[in-house]
Each structure stands twice: as structure tokens, then as C-alpha cells.
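Quick look at what TrEMBL annotates:
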- 9-27: transmembrane segment (TRANSMEM)
- 84-102: transmembrane segment (TRANSMEM)
- 151-377: domain 'CHASE' (DOMAIN)
- 386-408: transmembrane segment (TRANSMEM)
- 445-713: domain 'Histidine kinase' (DOMAIN)
- 741-861: domain 'Response regulatory' (DOMAIN)
- 887-1024: domain 'Response regulatory' (DOMAIN)
- Asp937: 4-aspartylphosphate (MOD_RES)
Amino acid sequence: MSYLQVGHLVWMLCCWIVPVISMNWFINGGVMDTKTGLLGDGGKMWLKLWEKMISGNSCKIHQQCCQYIGSKRVRKTWWWRKLLATWIVFWTIVSLWVFWYMTSQAMEKRKETLASMCDERARMLQDQFNVSMNHVQAMSILISTFHHGKNPSAIDQRTFARYTERTAFERPLTSGVAYAVRVLHSEKEQFEKQQGWTIKRMDTLEQTPVHEDEYNPEALEPSPIQEEYAPVIFAQDTISHVVSLDMLSGKEDRENVLRARASGKGVLTAPFRLLKSNRLGVILTFAVYKTDLPSNATPNERIQATDGYLGGVFDIESLVEKLLQQLASKQTILVNVYDSTNFSDPISMYGSNVSDDGLQHVSTLNFGDPFRKHEMRCRFKQKPPWPWLAITTSIGILVIALLIGHIFHATVNRIAKVENEYHEMIKLKKRAEAADVAKSQFLATVSHEIRTPMNGVLGMLHMLMDTDLDVTQQDYVRTAQASGKALVSLINEVLDQAKIESGKLELEAVRFDLRAILDDVLSLFSGKSQEKGVELAVYISDKVPEMLIGDPGRFRQIITNLMGNSIKFTEKGHIFVTVHLAEEVTDSIEVETESSSKNTLSGLPVADRRQSWAKFRTFSQEGPNYPLSSSSSDLINLIVSVEDTGVGIPLEAQSRVFTPFMQVGPSMSRIHGGTGIGLSISKCLVGLMNGEIGFVSSPKIGSTFTFTAVFTNGYSNSNEQKNQPINNQSNSVSSEFRGMTALVVDPRPVRAKVSRYHIQRLGIQVEVVSDLNQGFSCISSGNTVIDMALIEQEVWDKDFSSSALFVNKLRNFDRGVPPKLFLLANSISSTRSTTSCFYTPTAIMKPLRASMLAASLQRAMGTGNKGKCRNGELPSPSLCNLLLGRRILVVDDNNVNLRVAAGALKKYGADVVCADSGKKAISLLKPPHQFDACFMDIQMPEMDGFEATRRIRDMEQNIRNRIQHGEVSVETYQNVSNWHVPILAMTADVIQATQEECTRCGMDGYVSKPFEAEQLYREVSSCFHTASIQNP
């Protein structure tokens, strides 16, 4: 019986229990007898009909149950009542909780709405007030300039009234503006004669306010004698009644005036009843100073420099009324504005205290006066509506809970048929999806996998053609052969499409050298790692057998995918590949702890590799399906880790790392390229090898991918296995190194361990020390004869004085021949920076491989094969004579093609400079320059070779014109008046690079890739001959 059928059965039983038990409880539990009056005859009829329906349907349910579970019948027991009660109580609680939750959410929403509306009104009121305040301040500057700054004054009462009336639209919140001049007591008599009226006092009006119709300015009392006065001389017509009133005689106005002139800012009064209108308002006061007042004046200086006071009258009630009319909304709110300077007793400026709702929100108002505080309090005018949504939802939940059994019963008879149809549909759907995925995955796999080995084959074969085939070139040959075999293996997969689609891909079982495989992969990525300055290293445990039986091509494919991703996403630090036996991980603490942040290859922190295999069955309690220990079986269970210090994988993208065609982000494909299928292919291959793959990644720290793979020991069986063809050439270990001893100077244990591993592969004994002092002590001790010393560049560059001292000690060494010094470097640029005046050791470039290490030691120590020419091919004497000493620029966006082209030209003695874009070529070929020719790739991103050539020719033509017109001297451009550098197009497709296209854009010819000596000589000689004629 399937799990789906069991689920259906349980669901049907539950839905049958609810209506049956509830009805039985309702009818037989005494409710029928006690509620007869409520139900009546009609209710009894409906109950009987319901009982019949339940009884009939219950028989069907019983039949269904009997079909599923045979002769077992479901018996009614006492716990059904408890189950029903629990069901009802549970959904009652749920409905109450839903009601409470939705009600609280509605209340919170109401609070947020009130806060939003209140804050909006407060903000608009504050903004409009600030606009009016700025205009009042601007008017104070106008008065200072045209009234006090001119003699006679350019402003009188009539002019002021007309100006303020016409500009009233700029101050929509002010009901009037008035200006009071500062008059000293000694100037009072002359001032009153000049104005024709006496200065009136204001405090009388404040104590006994009068109505607008009863106001008579002539009846006011004169201002009392005081040190100075502030009579109003100019006023807007709307408040012209304040002319001649002394602002310093009023309590509120006096405090306002004194604060304004001392602070230099606009100040507000407390709310008070305005004259005539008897409405609540405030006065904004600005002091008018002499024009020569400095900006950093002290309060005393401001008081002495005061000429008068400009006040703006704000009618708060009408101001807020206008604002509320502009913001009319469906939910009307009550707004109260308070002066909260005295927090314990705020002054109401607008609004009433009547409210029908307990909600209230307070928004702070800032009118520019730091002394006075204002706030707006808002409340809803109407009571909150009934929470009908919460009520209906909670009731609906109860109704659904009670009726769901009945609803399900109507469809239970269809379940069996639908279930069968559903299973058939799922099978057909999976088949269709599998066929589609198989086709898409096949095409993507071929597209992705052909590119990597093809680049390796073409690049290394061209490097082979450009070398003398010594030991170094033998390493290139092995790399090219490995890439070619990988390509052949991939072509076989394309031809075997049917097996891939059917999932019957079989792995080969051939003998191969694991260490040689990893050396070849290191060769593929060595150029990129040296370019980036990233340290690339491989370490294989001594317990791993030399020869294994398995599929080396697929293993190489997995390593290449993982290392390729690490190279792409790592800009600094290291990439470290380790290979151990699975039993070492469980038994050795060293393997588990060597990736700690304090002991890594480059010193940068890394992700904890133990987390990458935490979920492997190999290390779980369940255990793998094959023996873990190699001692009890011929099976070798390897665990391989690829550790990097790259950008890491974001947490949200880690779940789809192994999903085909999925990348970390949409920008990754544009920046780094790729199809996002490499890891998915690796996971499939690991599964075929009876292994598992996992990873751990920390953003901005790095990632570690770990996988296991099961192989067979290549030395464990009979001669039949030994007679199998070896898939990879073994690394040749020169016999002249055996018995030698090398000293490694490296402070990092992990890095020193890697160096020891590779040197020991050559049969050399290794001693490791952490600094140069310990190194010289080891050399001079005499216990062991040190033949060579390999010093890590970090140690050599750390202190040049110590390095020089170390070299001097070795030169004065009196115990035999001093050891040969070597420098272990990550990049060529770093070795150039190491060059010093005293001594530079021979550099050995990383990553370390047995073949390259042996070649470097042979060249430096004068032993081994010096290299012979192969296939009888010698550099053409004509080309050597033609290109020897020539400085040539090679432009190509592909690093492999760039390396091949540069190597081909260097073979004939040319001095080659490389550029990877057309823009760089333009900057390098800007006259004056030292280049004799340029090889330009045609198809490049951003700017192709044709466009770059056009711009170079335009630049050269511009310089020729400037020299001809005498704008610049010919000496500035190295006495060359006719600049024209020969430019040859490089292309692999002759059709795309026809002579017409090259001539049209200004190119002098083209050569096909790979270079052929005859064509290269013909084109280069033609260009150099033409250039010599143009530049005699």
C-alpha cells in the first residue's frame, strides 16, 4: 500500500469522523431532547435528513476502508468523543486567535494611518511657515538696505504698505508685516516731531483687549519713560492700527524683541490674542542691523548695531484651517496645535479638546525658534468601525473546519481514479522532462568541455613549436598530449550520445599516475596563476599509491573544473589541492586542522574544509557501501580538496551551486564567463566514481570543494594489470639528483610541506627551516652536506640586509662547496622586484611540478639534458636576420593566443611586448614609440582590430599634419616626420581577413594563425621594406 493511499485513508477517516460523531453527539447526547423548542418540527426534519446522508455516506467510507485495509473494520470507541471535542476546541481557539490578531493588526494600521496623516499635516504646516519666515527675513534685509542704508530713506509708510500688499502672496501664512525702529530716550522728542505722532504704549491693550469696532489708536496712552523705544513706523494695511505702538512696552513683544536682536535669528512669541481680530496668533520678529555688522558678532555687538525690528503676524487659527482644507480626506481627524515650551502646561493654539477616539499621535513642529517648542496632536474624529473582516474570517474558519469533512466526502469517490491518473501523468511528465534535460545537458556539456582541452591543446602545441624541445618543452609536450587525450575522450562521448541520454555512461579502468595527472593540470593553470600572483600548489599524501586504476580523463575533468572555478574567482592568496586517503581524514588530526586561519598556504584565512565533507556517508555512522581502509581491500578511497581564498559563494546562492546552467548571479557570466554546468558535470562524475562531493564557502574568505572517489590500487594485483597500457607518462626523475640534500627556508609549515613533497619526488632529501639564520646554522653545522637551498621569496624580500648577510656568509664558507641558491617565486613580476645590487638567486617559478623543478635545477647546476632540436626543425635564418632585435607589439584578447604569438616571434629573436586590448595598443603606439611592427588580432571585445588600426592611423596622420604645419618640431618625435608603424592582422580565418578589409582600415597585411615561417617572412619583410622607404 503506497504512502499516498495511506494519507488518503487517514484523511477520509478524519473527515468522516467529524460529521458522524458530531451528529451522533448532537442527537444522542441529550441535546435533541433539551433543544426541541429551539429546533421545532422543521429542525427535526433537517436533522433526520442529515442523519440519513451521514449514514449512507458512512457506509461508502467503510467500503473504502475495507478496500484499503482488508477485513479490518473501524470500530467506534469512547475516544472519538474526545477527538471531536479536541477538534472543536482547537478550531475555536484558532478562530479566536485569528480574531484577536486581525483586530490588533487593524488597530496598528489605524495608528499608522493617524501617524502618517498627522506627520503630513505637521510637515506641510512647518514648510509653509518656513517659506513665510524666509520672506520676512528677506524683507528685514530690504529695510536695512533701503531705509537705514540710504539718506534720505527710500521707504515710507505708503511705499511699505504698497510693497507688502503686492508681495503678500509670498507670505501666505502672515496676516500682516510691520517694522518698528529703535529709538533711544534722548531721540524720542525729535522722533515724535518728525513723525507727527507720539509713541503709544501697548501693555494697556494686552490687559484690556478691545473689539475690532471699538479700537481707537488716538485713545491709547503714551509710552512710559524708558531707555529706548521701538515704535512701529511701517505697517501693512491689514495691521496699520499698530503704527506708533511701542513694541517694548508690551510684555510678549518686549521679550521677543530682546531675544531677536541678541540672537540674530527669528524668534516667536507665545500665543496671544491679536489686536482688533482678537484671534490667537504669534509674532515672528527679526532684528534689523547695520549693514557693516560682521557675521560672527557677539550678542552685545548685535544689540549695539540694532536699527529696528521687523515683525510678521501669523494668525494660527486661519493658518491651520487653510491647511486642513487642502488636505481633506475620507478619514477626518481632529488637529490641535500647542505651544509646548512649558511642557507641564502647554498653550493651545488651535483646536478643541473634544475626541471620540482614544488614539492620539503627536508630531513635533519646528518653526525655527529653538527657544519655543510646538507640537501637533491628532485624533480621529470618528470611532473605529467594527472589525467585520476579523469577525467574518474567524467565523469562516469555524465553518470551514466543521464542513471540510462533508466537502471532502463528496470527492472521496474520485480519489482512487484521480490517484491512478495522477501517477500516470507524473511518469509521462518525468519522461518528457528527462528527455528534454538529457538533450539540453548533452549540448551544454559538449559546448563547455570541448573549450577547455582545446585551448590547452592549441596553446601547448604552439609552445612546443616555439621551443628547442629540451626538458622544459618535454613538460609542454606532456601537457599538450594530456589535453589532446582529454579532447579525444570528449569526442568519444559526443559519438556515444545514446549512452549519455540513457544514463549508461561507463568509466574506463586503466592504470594512470595520479601525480602526473595533477602536474598536467597545474601546467594548464600556471600561466593564469602567475599572472594574478595567486599561489597554486598541489600536495599528495605519501600513502596514496603511485599508480591507480580508474578513469584518468574523468578525474582530470573534475579537477580541471574545480581549479578553473577557483582561478576565475580568486584574485589574491592561494589555490591549494590536497589528496589523501579517506582513512587519513578520520585518523589524522593533522589533515583536519591544517587549514586553520593561522596555518594556511598564503597566510590568508580559509573556509573550514571539514565542513565540506561533514555530510559525506563515508564519515557518517551509516558508513559507505565499500571498505574505507585500503588495507583490507584493493580499493583506494581518495578524498580530494580544492581550497581557495576567492570571493566565496553568497549564502543565498549556495543551494543551487550544483544545479545545471545556474550561476551565482546574473553578472558572473558577463564578468567570468562560463555556462554554469561544470559543477553539475563534476557531481555526476563523482557519483559514477562511487564518491560524494560537497563544499563550504564563506563570502569574502573563500571556498573549499571536497570530493571522494574510489579507485583500485595499480600495484595490488597480478601481471595482467601491470600489462595494461598506462594512460599517462610518468614523471622522469633524473638520477643525478639522487643522494643530494636540499634546504627549504620557509616560515609557513603548509607551504614548506608542499615544497618538501615536490623536491622529494626527485629523490632529494629535504631539510626545512623557518628563517635564514637557521638555514646558515644548518649548512655550517656539517652534519649534512647541503647541495642546494631553496628560499621562499617572502623570506628573501622580508629583509634585504639579512639576505645580503646570508649570501656573504655563504661566499666565505670554508667547509666545501657552498650550496646553490634558488628563489621560489609566484610570478615573474615579483622576481623582477626582488632584483638587488648584491645578489639575485636563480628563480624557480611556482606552481612546483616535478618536471619543471628538475629542468630548473638542471639548468642552474649544469647537469642533465641540455635540450635537442626535434623533427629537424630549426629557426629560419632569414627570419632570424629579419626579426632579430626588432621590437614588436602583439595585441590579442585571448591569453593563450597571445602567449603563442609572442612565443612564435621570440623564436626568431624579436623583442615582443604584449597587449590584451585595442585601447592598450593605441596608447602603446602613440608616437613617439620604439615599436618596429604590430601584430593585431581582429576580433576583440570593446574595440576590434580594424577600429584600433583606424584610430592609430588617424593619430599618425594628425602628427604628420602638425609637423608639416610647424605646430610641433620633428625633434619631439625622434626626428621622424612620417610616422607609420607596420600593422599585420592576425586571424585563424583567412576569409574574414581579406586583403581588401586590411587595406581599407590601414593594415599592411595579415598572417594566419598558427604562424607559418614562409608566410611570416613574406609579410614581415614586405612591411619592413615599406617602412624603411617611408622612414629613411
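In case you wondered, yes, glycine gets a Cβ from its N, Cα and C as well.
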Cβ packing number for Asp937 (4-aspartylphosphate), 10 Å threshold: 26
Averaged pLDDT score, the domain 'Response regulatory' (741-861): 81
Structural state census, the domain 'Response regulatory' (887-1024) (DSSP three-state): 65 helix, 24 strand, 49 coil
Summary of DSSP states over the domain 'Response regulatory' (741-861), given as helix, strand and coil counts: 58 helix, 25 strand, 38 coil
